[in-house]
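One structure is given here, and the rest of the page talks about it.
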Amino acid sequence: FLASNNCIMTSKYNIITFLPVNLFEQFQEVANTYFLFLLILQLIPQISSLSWFTTIVPLVLVLSITAVKDATDDYFRHKSDNQVNNRQSQVLINGILQKEKWMNVRVGDIIKLENNQFVAADLLLLSSSEPHGLCYIETAELDGETNMKVRQSLSVTSELGDPNHLAQFDGEVVCEPPNNKLDRFCGTLYWRECKYGLSNQNMLLRGCVLRNTESCYGLVIFAGPDTKLMQNSGRTKFKRTSIDRLMNTLVLWIFGFLVCMGVILAIGNAVWEREVGFLFQSYLPWDPPVDNFLFSAFLSFWSYVIILNTVVPISLYVSVEVIRLCHSYFINWDRRMFCNRSSTPAEARSTTLNEELGQVEYIFSDKTGTLTQNIMTFNNSISAYDILALSQRAQPLDFSTWNPLADRDFCFYDASLLEAVKVGEPAVHEFFRVLSLCHTVMSEEKSEGELVYKAQSPDEGALVTAARNFGFVFRSRTPSTITTQELGKAVTYTLLAILDFNNIRKRMSVIVRTPEGRIRLYCKGADTVLFERLHSCSHDVMNITSDHLNEYAGDGLRTLALAYRDLSEEQWAEWAERYRGADKAIDCREDRLAAAYEEIEQDLMLLGATAIEDKLQEGVAETIAILSLANIKIWVLTGDKQETAVNIGYSCKMLTDDTTEVFIVNGHTVQSVREDLRLVCHPFISPPTSVLESISGEFALVISGHSLAHALEADMEQEFLETACACRAVICCRVTPLQKAMVVELVKRHKNAVTLAIGDGANDVSMIKTAHIGVGISGQEGIQAVLASDYSFSQFRFLQRLLLVHGRWSYLRMCRFLCYFFYKNFAFTMVHFWFGFFCGFSAQTVYDQYFITLYNIVYTSLPVLAMGIFDQDVPEQRSLEYPKLYEPGQLNLLFNKREFFICIAQGIYTSVVLFFIPYGVLSQATQSNGVPLADYQTFAVTTATALVIVVSVQISLDTGYWTAINHFFVWGSVGAYFTILFTMHSSVLFNIFPKQFHFLGSSQNTLAQPVVWLTIALATVICIAPVLAFRFLKLDLKPQLSDTVRYTQLVQQKKWKPALGRLGRGGSRRSGYAFAHQEGFGELITSGKNMRLSSLALATFASRHSASWIDTLRKKKHNPHICMFSPCLRGFPPGSPVSSHSPQTCSQANWTCYTAPRCV
């Protein structure tokens, strides 16, 4: 393949392509093409009875506004691209390191990286300042994980640390083509007549950050769009809302309706010209080139197409863009979505998707950095003899008073545990000794007493830090020793072996020789694994520990069990011999080592357990619970391992005690995955019932990345989708960025639902771009997700407000806007249709062209614009209190084809009244002096005035939330109409433009007649009375939820806030164990290859928040004599005295509300 340069481009346009590409995108909107066609017709004088400027000015305005908005969005993409492309890197050129911009880096260049620098391209690590060619990287931009990862160069290149030696490097790399697989690389290095295999462990990928390594050198393998980061980014897609797509369909229908009306009137013209028109030929001949009635009918058809085109005026699209822009600013200005900690406001990066925020059914969320802070804190512990748990939170303990090496950021509140350490409880000492010895953490002492731990997983860092604060301080290590400081005394243990962790063993052990000469094995791991290997005398302790582990797991904490075993010299010698043999084996080395580990890890003595909290972001549990009540399904797609993801599922209440069962799909083959999926469905399905009908929704599905790869194949994806959608919670773990996008695309393709993806890292970019709506979290993992998103903010909890308040209001406002807009324009336009039957089908307009031009620009544009911007059915607090208010948007109830036909039916009815009532009255009416009123201008002024008044009264009824701006626009528009009307018929304009303003004093004369005002009043009553009657009946017989909420707001004398305590927890499922680091660190430590390391600061944050009220909200068991819903939808305060009669089912939940005869 042809190697790419290192310049990236996430923008859609450049200076040359902007105009043609943007116009092509805009004319994909059917309405824009429709108006361009009308403009061409209006340029033909034989068929146009309206000036061409009435169409071209609004069309150019719409195209210009949209183009400016798109150009602005793309400008910021260009700005971001330039910022990245202009970063500096050191490139080896002719044996000299020279600074070059990233965009100028090419495949084959050798780059020098320094500590904390981003990797510019996909590099083959050649050498490092660390021993043995090691370097440490952070891959948060790629997979969302902030823990350190190790990369190592080939031994043959590790000594090429000098630029002079590197300049002589002439190796050739043959590798796989560019792909999006982050966890694998396959290639071969040919150098000095030898070949060396290359793997992912030798690669530094673009987007990684070099950490705790002074410098390293790398050879560019892939650059720019070929890098794995960009291969996973996906293309920037042009997103449209479902309302936009519906509008395209409706415009086609309206155009078809317009053609039908044109055909009817053209046929009428042909009949009239043939039967009646020939009588006038002697003094009213046809204009050239018309020479027969058929050609006259043909021209009449196009004339009526032009006249009746206002059923969909171009001003509709101008107004839509203005409304969306204002809604975007409301999001940007929302102080309740502003994060004070990071000084980050919410930002609507796209202005075209606001109403779609009110229709979301599926949310696909990343975990690390999105739901969690990726900060682990030591929470609880249990010793074998005393239960030492967190009792209550008062003031945090001050460890520095007796331990000068304590970490001051560490927070713990249980003084009894510290007292047990001080009094010398042997079990507690042994407990913390395990934590200080059984790990793979590296330590660096920057200055006397200032320790910095470098842990590959935040779990291990939290445990070692906890032991440090309780007096068992891990100080340093060598390949054969571990040095600690136990209660102020330095102790050195001989490290005999590390039995490393992997996902199958789910545990790790170390074997050490104590200063007293005893040999002891210390082990930590998943409780389900360790309990099987305990000595029989530990069963009583195991039962006690298991109960507390269940309690901790129920709180979503990550648990670990700790144990030890004493070994005799003979036992150690015999086992060590077998261990060395297995370690040196060429065939089946892993299996032989596993067997050796299994042999020695038996008859363990249980010491206790730990509980680690992977701290959630503030408000995550409440947000997920509220969104679930709004019938929004949340799927977690994460690159983390299964146990971690499941733990977070419990922590954020996706998985609760109400979850009947959690199904695990973990197969490695197509057949095993298919069997797992069918096993999930088997207990519930009896043919021909479908999965969706049979599963009650109280189940959860957890699927791993390797299983998901098979489940997304064409022959299995439908089965997977049905199973997943039937479950209450879905967690996909160990997934690649592309798999995230594929899951989102699967739901988009098969479900008629709006999807939203939210993430904070570069590994989430594909998912964000694929979903209907992409949300970026501006967190600790860079800004790639934010740059690719449609909306961004800093905390997951703001998603609740974005959807339930801004999204719901935007959808409501847009639907009300569209319904009213179609209504008023059909009422306006169809008058021309009825008039055609009384004017010889001559394409004569009822109104003058100035009224036609100003109707949608001045007279009716601002009131509907104000409604579309400011309207709301209930206050924002009620939108959050009643999540069910969100469901009409998901079901698309407020604007659909049915609602559209109701609107145009009302508009047609109004046009009939507005035409025939004035026509019938004025045809027989006379002025006070006996002069008839049956003239064209009187009829036109009367009809136009009645129209403006009727549509103004109608929007007053449609507006649910009045502001000063609404009042000003509604009544100001009516005032503007009369002002302009009298001005156009005044002598001043007549004297200046006598050819344009012919009808001097027509409006003044017409509106001075009482019969005209009576006619207008009659038409208004006939138009509005049925609407009022229908709405009152609907409100009384079939009220919507928003109507009920508004009613409760009126009847409540004061706002009542529930004070719900935390409900007790029943038996919980066991949370997964707290173990997140990778396999292989044990061997790395004992080999001595990584003994020189730099610092890694491990931060700890404030104690976790409480989400106890949400437990109450989601409980189904309740007091049958109390209404738990706040407030009761029937208007009775929760907790009011009730009788045992008249149970009423609450429409918001499954609770039963027993209502008393009156509210007390």
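For all residues, glycine too, the Cβ spot is worked out from N, Cα and C.
Marked as domain 'P-type ATPase N-terminal' by TrEMBL: 5-56. If you look up TrEMBL, you'll see 34-63, 250-272, 292-318, 817-838, 850-870, 900-919, 939-957, 969-992, 1012-1033 marked as transmembrane segment. Under the heading active site, 4-aspartylphosphate intermediate, TrEMBL lists ASP366. What TrEMBL lists as ATP binding site is ASP366, LYS367, THR368, GLU460, PHE501, LYS524, ARG558, THR638, GLY639, ASP640, ARG734, LYS740, ASN763, ASP764. Residues annotated as Mg(2+) binding site in TrEMBL: ASP366, THR368, ASP760, ASP764.
The Cβ neighbour count for ASN763 (ATP binding site), using a 10 Å radius and every protein chain shown, is 33. Contact between the transmembrane segment (850-870) and the transmembrane segment (292-318) holds: at least three of their C-beta pairs are under 8 Å, each pair 6 or more apart in sequence. Summarising the ATP site geometry, the residues cited as binding it (ASP366, LYS367, THR368, GLU460, PHE501, LYS524, ARG558, THR638, GLY639, ASP640, ARG734, LYS740, ASN763, ASP764) extend over a maximum Cα to Cα distance of 33 Å.
Note: the stretches the transmembrane segment (900-919) and the transmembrane segment (969-992) are not in contact (fewer than 3 CB pairs below 8 A, sequence gap of 6 or more). Beyond the transmembrane segment (1012-1033), the same-chain residues lying 6 or more positions past its ends with a Cβ under 8 Å from any Cβ of the stretch are 906, 909-910, 913-914, 917-918, 921-922, 925, 933, 938, 941-942, 945-946, 949-950, 953-954, 957, 1006. Of all the binding-site residues listed here (ARG558, ARG734), it is ARG734 whose C-beta has the fewest other C-beta atoms within 10 angstroms. Counting residues of the domain 'P-type ATPase N-terminal' (5-56) by DSSP class, helix then strand then coil, yields 26 helix, 0 strand, 26 coil. Listed by sequence, the residues of this chain that lie at least six past the ends of the transmembrane segment (969-992) yet keep a Cβ under 8 A from its Cβ atoms are 848, 850, 854, 858-863, 865-866, 941, 944-945, 948-949, 952, 955-956, 959, 998-1004. Neighbour density around each Cβ, counted as other Cβ atoms within 10 Å, peaks among the recorded positions ASP366, ASP760, ASP764 at ASP764.
Remote same-chain residues near the transmembrane segment (939-957) are listed as 820, 823-824, 827-828, 831, 846-848, 851, 859-860, 863-864, 867, 910, 914-915, 917-919, 922, 970-971, 973-974, 977, 981, 1002-1003, 1006-1007, 1012, 1015-1016, 1019-1020, 1023-1024, 1027-1028, 1031 (criterion: CB distance under 8 Å, separation of at least six residues from the stretch ends). Neighbours of ASP764 (Mg(2+) binding site) among the recorded positions ASP366, THR368, PHE501, defined as a Cα within 10 Å of its Cα, are ASP366. Mean pLDDT across the domain 'P-type ATPase N-terminal' (5-56) comes to 80 in this model.
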